[in-house]
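Visitor: Okay, here's the structure, questions in a sec.
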Amino acid sequence: MKAVRNLLIYIFSTYLLVMFGFNAAQDFWCSTLVKGVIYGSYSVSEMFPKNFTNCTWTLENPDPTKYSIYLKFSKKDLSCSNFSLLAYQFDHFSHEKIKDLLRKNHSIMQLCNSKNAFVFLQYDKNFIQIRRVFPTNFPGLQKKGEEDQKSFFEFLVLNKVSPSQFGCHVLCTWLESCLKSENGRTESCGIMYTKCTCPQHLGEWGIDDQSLILLNNVVLPLNEQTEGCLTQELQTTQVCNLTREAKRPPKEEFGMMGDHTIKSQRPRSVHEKRVPQEQADAAKFMAQTGESGVEEWSQWSTCSVTCGQGSQVRTRTCVSPYGTHCSGPLRESRVCNNTALCPVHGVWEEWSPWSLCSFTCGRGQRTRTRSCTPPQYGGRPCEGPETHHKPCNIALCPVDGQWQEWSSWSQCSVTCSNGTQQRSRQCTAAAHGGSECRGPWAESRECYNPECTANGQWNQWGHWSGCSKSCDGGWERRIRTCQGAVITGQQCEGTGEEVRRCNEQRCPAPYEICPEDYLMSMVWKRTPAGDLAFNQCPLNATGTTSRRCSLSLHGVAFWEQPSFARCISNEYRHLQHSIKEHLAKGQRMLAGDGMSQVTKTLLDLTQRKNFYAGDLLMSVEILRNVTDTFKRASYIPASDGVQNFFQIVSNLLDEENKEKWEDAQQIYPGSIELMQVIEDFIHIVGMGMMDFQNSYLMTGNVVASIQKLPAASVLTDINFPMKGRKGMVDWARNSEDRVVIPKSIFTPVSSKELDESSVFVLGAVLYKNLDLILPTLRNYTVINSKIIVVTIRPEPKTTDSFLEIELAHLANGTLNPYCVLWDDSKTNESLGTWSTQGCKTVLTDASHTKCLCDRLSTFAILAQQPREIIMESSGTPSVTLIVGSGLSCLALITLAVVYAALWRYIRSERSIILINFCLSIISSNILILVGQTQTHNKSICTTTTAFLHFFFLASFCWVLTEAWQSYMAVTGKIRTRLIRKRFLCLGWGLPALVVATSVGFTRTKGYGTDHYCWLSLEGGLLYAFVGPAAAVVLVNMVIGILVFNKLVSRDGILDKKLKHRAGQMSEPHSGLTLKCAKCGVVSTTALSATTASNAMASLWSSCVVLPLLALTWMSAVLAMTDKRSILFQILFAVFDSLQGFVIVMVHCILRREVQDAFRCRLRNCQDPINADSSSSFPNGHAQIMTDFEKDVDIACRSVLHKDIGPCRAATITGTLSRISLNDDEEEKGTNPEGLSYSTLPGNVISKVIIQQPTGLHMPMSMNELSNPCLKKENSELRRTVYLCTDDNLRGADMDIVHPQERMMESDYIVMPRSSVNNQPSMKEESKMNIGMETLPHERLLHYKVNPEFNMNPPVMDQFNMNLEQHLAPQEHMQNLPFEPRTAVKNFMASELDDNAGLSRSETGSTISMSSLERRKSRYSDLDFEKVMHTRKRHMELFQELNQKFQTLDRFRDIPNTSSMENPAPNKNPWDTFKNPSEYPHYTTINVLDTEAKDALELRPAEWEKCLNLPLDVQEGDFQTEV
């Protein structure tokens, strides 16, 4: 058996030598590992018990982050002539790394080469190793010397931050011993540690020199007894027990057990005196106190582990019969070594950074590798691939045309005699800007055959020729020749040609071919549907661009938008080349700084927003290269660089780049690559952070959190994102998405790694719109949530804990939402796909979905999208929209045609506003139909949306303009040209301002979508229409309330002061109303009634049209944006057509002015003042009169003519100036057929009836005008005179009709028209002579004279009116027109003209020239050419004047007794007039019959009582305010 055992040992040793080599076998048997020790001293023989070379002694640092190892080497008595001692440190215990370290000979200390007696070393890494190396061919030490037994090595584990008293004491002892040995030379005894301060004498520590010797040749393990030796100050629970000395075991107990040295010690107090060795041995197994109650130690327990270093424990009990306590420990432990070695499994190192793309253009490959630490002692090898590849595609390379191989030589052209042979080659098509092939494509050579025989024979068939057509069926042919026919003359039998059909596919129709197009400075040639056309990229980019010709749903070919996925801007390409230049520097810091500069440049480029789709892929590639460079160079970017990185990502993920991403991802899924780059960058940043440090990065589209957390410090769950964090962007703060990371997940994969040094890097990212740019899913599946990412490095251990994720839905109406995570192991190219494995949906509702996932990844919510939600553009509007818009436009066009035909009669502000309103509605209807057909054309759709927005708002604004015009008419505001321009600014200017502002802010983003040509419903752009429209409706309601309140005010009097003074009147100013409507003269009451009627019509129109308009456009918006619902289209058709008919009904059929104008149009009425219009308007064209200007014009032409001598001229002249009328005012004609034109003022008066007062002969001064009311009976007799000035009755004869007494009738006068004939004075005097000949001869006077009335013929040569000097130069030639602003002079001339028919006696008896002079002087300073600016002032003057003359008529008519006594009329009362026979063109006017007279009779004002209204003619009543 012994022989067998020896044989097995020999075989096993031989096997080890063969497998591992001799040196490896030596390393296996002479390696020592020491760990769990805080202090120790060793000799060379203890460290290297075997006499082999390359033996090692390794010391492990308990925690490199907390402790440092100090090593003392005493060379004084050691001879290093036969070997070398190497000292070095490393982090990972790997034989390959140690060999690599020895090969580089970097940071290795040669201890034997030191010139000093002591060598002090400090190490901060995980392992310290000392290696003994013999020279080559040295047999080794044969025996051990005495110096091998001495302690030459001492080490100490010392706390970095707060060293212990024990540690500092040991360091100071080393220093003191060095100083003593070197005789005070301090330069060779340097220990660089500033935390300890050594005392001048060691006794100050309380430890004597004798006790220090006891620490030599001992080892202090790290246990409960020595725990206090590592702390600065001892706590109550810590001890530094050195009360007993444990000597090393004897030689027979000391040996090697595996690769660990067994060392034992007995703690000893540093205060204890040295005792003899025999006493110590005697007391070794006795109780420290010497009491009999302490039992002996038990046997050592078995080793705690079966392989590697373990521990053994022994205990004892205390039995104290006398109630005293036992002293000393009751439990001891020691290190035990086991001969069995623990297997070490193979471990993969970190992946190397991705290499650059193997090609600069075209499809290349990126590679990364990793190395495996080989297993030891039977461990498992590494599992998984060593190399990882992935594709990369930067840009397409230009491909030159290449000649293919030559074809084989054809057969000889003849089968006999000499002929030729041909061969050809083909050229592959050049692509992406490559050059064509160069050189010939065919070659020929001679062939030699035997001479031809006598009989003809067919040769072989040739190749088929090319097809004659490329489509719709062509023909191809092949031939063969007959050999020997020339010699023998006999033809071969059969045919020498064959034909067959080819290319029978159908040719595309003309409408299936995209025509040649010029777009973006590129010409796109004709291309059939389904094919691609290629072009060179623009000048600022390289590569090729493509454009597809597709078929629409109706089978018509159309060009799609060009694809720029293969175009890369020159700036991006230069930036990519600069990365290679930085990498070529070869220095870590320079490369890292260069990458930071690259990110700054890339940030500037991405912020310009003018890049191509290919630039997005290039940007992702640049970010990947930057990240890999940071990782390869172990470079930690600064905070600015990190912020720039995430800002670049945010710029790339902007929603504006959605179409570019869709274009780019047809070539390569760059968005998925971008997610992986961000995760790698997060861990690079996290590894450079301090413990417990976190960083929040917030941008417009990305929110990221990076935290570095020790495993032991994670006490609570982690929530992301943090809503209340300062500076959080709004979209993330308002987001309802969150993820809860449980604390239990922070557990390493290996349980041995779980200690205080385990640190995790946690990264979490929330993307705002990454779902928009990810590749489109199939089967109508969409991403219905934001995307959130959670990643942790190193990878935590799989536990039963779940990540709780809650995501909000982005779109409503989706079906079957479920949770997914991104799994990158399900595709061949390592890109990944969405997977449901590892995630389960626990709760879902209409707006949220809650998930529980058992792994870290990228999470989202997928849902099914109903197919009917996808809206396809039909190309033509629906029939319902066409019918509704057509009916509305037809009604409004009809209204416009009617107004155009009657424009000369109904032209006014209200009519102009209506025409503009109709124009806006018609334009809106047309644009609605156009927008339904142009959804595929981006530019036309955007333009249509902008104009539709404008006309929608304009329709609302014109309704508001109509309400404003009504309000100004009711309140009496003056409407000048400036006001009318403000109407246009409100109707067209305000909508244009709103649309221009909206387009400017949005840059047309949202004006038109892929499905409809209207404002986008997303982003709040719709408020640009709803807001202004709602404001217009609100203001319109306010104006309507004000107008209605004004219309229902008391008595219709506008001025409150006049209303108070007027008192109670039955019919105020009714006596001023002529019953003859032909004259066109109305009273103030009639004017107010007309204004109120128009205002009420406008108010009623607003109340009906405005709600209908709002309903119409609301239904139009719904019909345009939701084409699936036919209900909205029907509602729009109903409301739109109803709106058109309502507008026609309100503004055409029911409008009184239109009715009157239409009747006049049917009777072919003409304007009698057309020939005279040029005199009124110097510019030769008419101007629209405002409602108030019409009122004033009527008032000025219908003022009561009071024939009271001098009072009349002064009073009326000062009162009836043509105030606030424009110079180019248009006067409208009177309908001779009897139509009422109360609303069309300024008509030429065809007939005027004047009732001559009875008291004309009665003298009356201005003082008498202010007398109180006279008795009624004093004014019963009146003489009436009817004056007709109709120009059509020029041939009328003069006839005096007997007077007919009419009681209580008022006297009236009508202002003359535009001209009067005045006879200029022959002498330049200050007086004006007015005679009968100055009267206009067109007039025919009919007087109804009372028989008692005595009228004497006037003598005109004695009738002189002494006017002031300022009236003298205002004489006119005959037939010269007066200016409208000279109405005062016109009126004076008319008054003098009428006075020419009075008798001399009446003139002399009734007119007091001195009184006239006095009154004229009072008004000489008045400036009657100034303009009044308020209608309130005008109405006040007009009403006050009429009230004064009404009062005068009632109280001044006192019968003259002298005149009544002589009732005989003068014999020659009308001698002054010429014979009517001299005017043959006149016709005689018949006496008015009873009906006509009733129609023309005057209605006097019947006052209820006498008014105490003084006739005040002070200047203050008639002064105008300028």
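The backbone N, Cα and C atoms fix where each Cβ goes, glycine too.
From Swiss-Prot, here are the annotated features:
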DISULFID  CYS30-CYS55  disulfide bond
DISULFID  CYS307-CYS342  disulfide bond
DISULFID  CYS318-CYS326  disulfide bond
DISULFID  CYS357-CYS392  disulfide bond
DISULFID  CYS361-CYS397  disulfide bond
DISULFID  CYS372-CYS382  disulfide bond
DISULFID  CYS412-CYS447  disulfide bond
DISULFID  CYS467-CYS502  disulfide bond
DISULFID  CYS514-CYS549  disulfide bond
DISULFID  CYS537-CYS567  disulfide bond
DISULFID  CYS819-CYS851  disulfide bond
DISULFID  CYS839-CYS853  disulfide bond
DOMAIN    30-159  domain 'CUB'
DOMAIN    400-453  domain 'TSP type-1 3'
DOMAIN    455-508  domain 'TSP type-1 4'
DOMAIN    693-869  domain 'GAIN-B'
MOD_RES   SER619  phosphoserine
MOD_RES   SER1220  phosphoserine
MOD_RES   SER1411  phosphoserine
REGION    819-869  region 'GPS'
SIGNAL    1-24  signal peptide
TRANSMEM  881-901  transmembrane segment
TRANSMEM  911-931  transmembrane segment
TRANSMEM  940-960  transmembrane segment
TRANSMEM  982-1002  transmembrane segment
TRANSMEM  1024-1044  transmembrane segment
TRANSMEM  1099-1119  transmembrane segment
TRANSMEM  1126-1146  transmembrane segment
Visitor: For the domain 'CUB' (30-159), what's the model's average pLDDT?
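Guide: Computed over the domain 'CUB' (30-159), the mean pLDDT is 79 on the 0 to 100 scale.
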Visitor: Can you tell which of the disulfide-bonded residues (CYS318, CYS537, CYS839) has the fewest other C-beta atoms within 10 angstroms of its C-beta?
Guide: CYS318
Visitor: Are there at least 3 C-beta pairs under 8 angstroms linking the transmembrane segment (1126-1146) and the transmembrane segment (881-901), leaving out pairs fewer than 6 apart in sequence?
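Guide: Since 3 or more Cβ pairs under 8 Å link them, the transmembrane segment (881-901) and the transmembrane segment (1126-1146) do come into contact.
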Visitor: Which of the disulfide-bonded residues CYS382, CYS392, CYS467, CYS819 has its Cα closest in space to the Cα of CYS567 (disulfide bond)?
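Guide: Sorting the disulfide-bonded residues by distance from CYS567 (disulfide bond), the top entry is CYS392.
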Visitor: How about long-range neighbours of the transmembrane segment (1024-1044): same chain, 6 or more residues beyond its ends, C-beta under 8 Å?
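Guide: For the transmembrane segment (1024-1044), the sequence-distant neighbours (Cβ-Cβ under 8 Å, at least 6 residues beyond its ends) are 949, 952-953, 956-957, 959-960, 963-964, 966-967, 970, 990-991, 994-995, 998, 1015, 1095, 1098-1099, 1102-1103, 1106, 1110, 1113.
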Visitor: Between CYS397 (disulfide bond) and CYS537 (disulfide bond), find the distance joining the two CA atoms and give it rounded to the nearest Å.
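Guide: Distance between the two Cα atoms comes out at 13 Å.
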Visitor: Spell out yes or no: are there three or more C-beta pairs under 8 angstroms between the transmembrane segment (940-960) and the transmembrane segment (1126-1146), with each pair 6 or more apart in sequence?
Guide: no
Visitor: Measure from the CA atom of SER619 (phosphoserine) to the CA atom of CYS357 (disulfide bond) and give the result in Å, rounded to a whole number.
Guide: 14
Visitor: Filter the disulfide-bonded residues CYS307, CYS361, CYS382, CYS392, CYS549, CYS851 down to the ones within 10 angstroms of CYS839 (disulfide bond), Cα to Cα, kept in sequence order.
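Guide: Hits: CYS851.
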Visitor: Same chain only, sequence gap of 6 or more: which residues have a CB within under 8 Å of the CB of CYS502 (disulfide bond)?
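Guide: The list for CYS502 (disulfide bond) reads CYS467, SER468, LYS469, GLY473, GLY474, TRP475, GLU476, given in order along the sequence.
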Visitor: Mind checking which residues of the chain, 6+ beyond the ends of the transmembrane segment (911-931), have their Cβ under 8 Å from one of its Cβ atoms?
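Guide: Answer is 877, 881-882, 885, 888-889, 892-893, 895-896, 899, 903, 941, 944-945, 947-948, 951-952, 954-955, 958-959, 961-962, 965, 983-984, 987-988, 1012-1014, 1113, 1116, 1120, 1136, 1139-1140, 1143, 1147, 1184.
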Visitor: Taking a Cβ cut-off under 8 Å, which residues six or more beyond the ends of the transmembrane segment (1126-1146) line up next to it in the same chain?
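Guide: Non-local partners: 878, 880-881, 883-885, 887-892, 894-895, 917-918, 921, 925, 1097, 1100-1101, 1104-1105, 1108-1109, 1111-1112, 1115-1116, 1118-1119.
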Visitor: Taking the Cβ of CYS372 (disulfide bond) as the reference point, list residues of the same chain whose Cβ is under 8 angstroms away and which are at least six residues distant in sequence.
Guide: GLY346, VAL347, TRP348, GLU349, PRO381, CYS382, GLU386
Visitor: Here's one to test understanding: among the recorded positions CYS30, CYS361, CYS514, SER619, whose C-alpha is closest in space to the C-alpha of CYS307 (disulfide bond)?
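Guide: Closest by Cα: CYS30.
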Visitor: DSSP three-state call for CYS342 (disulfide bond): helix, strand or coil?
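Guide: Once the DSSP labels are grouped into three classes, CYS342 (disulfide bond) ends up as coil.
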Visitor: For the disulfide-bonded residues listed here, CYS55, CYS447, CYS467, CYS851, which shows the highest count of neighbouring CB atoms within 10 A?
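Guide: The residue with the most neighbouring Cβ atoms within 10 Å is CYS851.
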Visitor: Does CYS342 (disulfide bond) have same-chain partners at least 6 apart in sequence with Cβ under 8 Å from its own Cβ, and which are they?
Guide: CYS307, GLY308, TYR377
Visitor: Could you check which of the disulfide-bonded residues CYS318, CYS361, CYS819 is the closest Cα neighbour of CYS392 (disulfide bond)?
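Guide: Closest recorded candidate to CYS392 (disulfide bond) by Cα: CYS361.
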Visitor: Let me know the DSSP-derived helix, strand or coil state of CYS549 (disulfide bond), please.
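Guide: Going by the DSSP assignment, CYS549 (disulfide bond) falls within a strand, counted as strand.
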Visitor: By CA distance, which of the recorded positions (CYS318, CYS361, SER619, CYS851) lies nearest to CYS55 (disulfide bond)?
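Guide: Closest by Cα: CYS318.
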Visitor: Can you name the residues of this chain that are 6 or more positions from CYS30 (disulfide bond) yet have a C-beta less than 8 Å from its C-beta?
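Guide: Once residues fewer than 6 apart are set aside, CYS30 (disulfide bond) is near PHE48, PRO49, LYS50, PHE52, ASN54, CYS55, THR56.
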Visitor: What are the sequence-distant neighbours of CYS853 (disulfide bond), meaning same chain, six or more residues apart, C-beta distance under 8 angstroms?
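Guide: CYS853 (disulfide bond) has long-range Cβ partners PHE802, LEU803, ILE805, CYS819, LEU821, GLY838, CYS839, LYS840, PHE859.
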